[in-house]
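Have a look at the structure below, then the notes.
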Amino acid sequence: MSRKAKGRRATSPTPTPPVSKPKGRQKAGSTLQVPDEQYEEFLKFQAQKKKETESSRKEDVRRKVDALLEEESDMEQEVLIDKKRKRVTRTRSAAAEPDTEDVDIEDDANPSDILPPVGPVKMKTPAAALDESDVLEVTNQAQADSSDEEGDISNSTATTRVRRTNGLIQVKDESTDDTTDRQWRKRITKGDIKPLTTLASLKKDGCGPLVDHAHQLLRINVALENAFPGPSADVQDSFTWDCIKEAAKDPGSPLKPMLEKVGRDDVLKSRAIAYVWSGASQLRGELVRKARDIVIFQLQQMRPKEISDIANWLLTTKKDPFFCGELDLKAKTFNKNLPFRAPLLRQLLYSQFFQGPGSEGIAYMERFQKLPNNLMALLATAVNNIFSLSYLGVVLITEGLI
């Protein structure tokens, strides 16, 4: 019986209660999983909120600037009105005060001879009532007329404005007739006026097609042969004149008479050289502007400090990283065994010379296919200029970057 009791006790029908795990362990062990779609929506929402806050901030700044400009314009308008009022009061006071600087007053003189007449300025006075100086002037004017009649003196005195004097000051009388000749002030020129050097002005002189074609040839020669001719003006003029002669070198070209005409006239030649030479600075300016746009596009997601660090790394590292291929700006790595294969140079070359069917690279495909060193050096110089400006703190990157 004792054995059976012991067996019954070992196999009791009541199950053992489950061991409950702590709540902290369950929370720590469980991980929160978010679907990818919901996470992408969250990122889009966050970006949208960021854009809205940025746009509202810009709008507030723009409103403040407009308010300041309106206040300044109102202040300027008030200052101008005040100046006009002061000017009017000065002119009125000057007109009210008599001009007695040139009048010599004598104690024994007749006041009627010194003071101006009260009546109208224009008056008819007989020859007998005039002073000796007035009579001399009137007779001289009468003798200068073509007629020799005796009534000329009275007619000339009748149409002449006479001012009273004290007999000591000679006053020249002015004729009131509008048909008489007037002495105009001579125009004083500040040096000689330079002739125009535009394409329209050269077309009027009959050499427009020649200089237009030479202008394009100079751009090609600057890109492929000599990026910076000079530095003396004589070398630049010689380089430009060679481009003008190259434009009319084909036998039977209709541009040859224009070339001969330009060669005979020194003034026209200097104007043609000035216009054609402007293509060099025009090409360099276009390259720098397009290189700036490309660099801005690549650095638009970076902060000013990061941009400065990257520019410093590109300029101070040997082998010039922005010339080489496999360039990674964020990781600051490049492959020095791939020179002149940077994406920046390829994008700049395409955007400048191969953008559209009428571009210069397509028109002169044979010369551009060789990819001369001058072309690569010109592209690299433009990119280097942009990174140098960004490193020195020049306002290069717009709206939201610097």
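Placement of Cβ uses the backbone N, Cα and C atoms for every residue, glycine included.
According to TrEMBL, the compositional bias 'Basic and acidic residues' annotation covers 49-67. Residues annotated as compositional bias 'Acidic residues' in TrEMBL: 68-79, 98-110. Summarising the annotation, TrEMBL assigns domain 'DUF6532' to 214-385. Annotated region 'Disordered' per TrEMBL: 1-120, in sequence order. Sequence annotations record features per position, and here TrEMBL assigns transmembrane segment to 375-397.
In terms of DSSP helix, strand and coil, the compositional bias 'Acidic residues' (68-79) has 12 helix, 0 strand, 0 coil. Applying DSSP to the compositional bias 'Basic and acidic residues' (49-67) sorts its residues as follows: 19 helix, 0 strand, 0 coil. The average pLDDT computed over the domain 'DUF6532' (214-385) stands at 87.
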